[in-house]
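Per TrEMBL, the feature Ni(2+) binding site maps to H99, H101, E105, H144. According to TrEMBL, the Fe(2+) binding site annotation covers H99, H101, E105, H144.
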Amino acid sequence: MVSSVKDPREEVIQAWYMDDSNEDQRLSHHRDPKQFVSFDQLAELGVLSWRLDADKYETDEELKKIREERGYSYVDFCEVCPEKLPNYEEKIKNFFEEHLHTDEEIRYCVAGSGYFDVRDKNDDWIRVWVKKGGMIVLPAGIYHRFTLDADNYIKAMRLFVGDPVWTPFNRPHDELPARKEYLEAFVNNDVTNLAVDATA
């Protein structure tokens, strides 16, 4: 019998394939018909997610455990909205430029919401909607971008291993070791490679 237990992450994180429309980037951009993406599909791309209690992030034992297990020693906060972010229009445009990082991008939404768009194995865009209480990790080397949704506000905790490096490498940057390692780990890891490994 199929389990009907709902994944608690569904209330704070949803993902779907995007249409090709050039309309306002802050719209949902669902395909017609809608094509949702599961947490397992995201994990196959290296995108990890949690649902946490954003009202108690300062004392949350689960967040503390995740930080300890994954080595997230650095933390700060970023508020993205016209009133709080200097050079807002320029920054939001830069965030939406397709890019990668040489380290993980870890974002925990403690208020508001926003869209993190990631490329799948076929280079199609998947839109990941993260709301208050949702935390995601984008792996080093994945091409992605960020935008606010129609509410125009997010407050996110940014976590990092060691001293933070926020440098974006706009596409194309396929020669970077982080990109090559990402492709090897998540895109080129098909069944034939696994079969070879199994017989080695």
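Each residue, glycine too, has its Cβ placed from N, Cα and C.
The residues near the Ni(2+) site, meaning same-chain residues not in H99, H101, E105, H144 whose C-beta sits within 8 angstroms of the mean position of the site's C-beta atoms, are L100, L138, I142, Y143, R145, P168, in sequence order. Here the Cβ of H144 (Ni(2+) binding site) has 22 other Cβ atoms within 10 Å, regardless of which shown protein chain they belong to.
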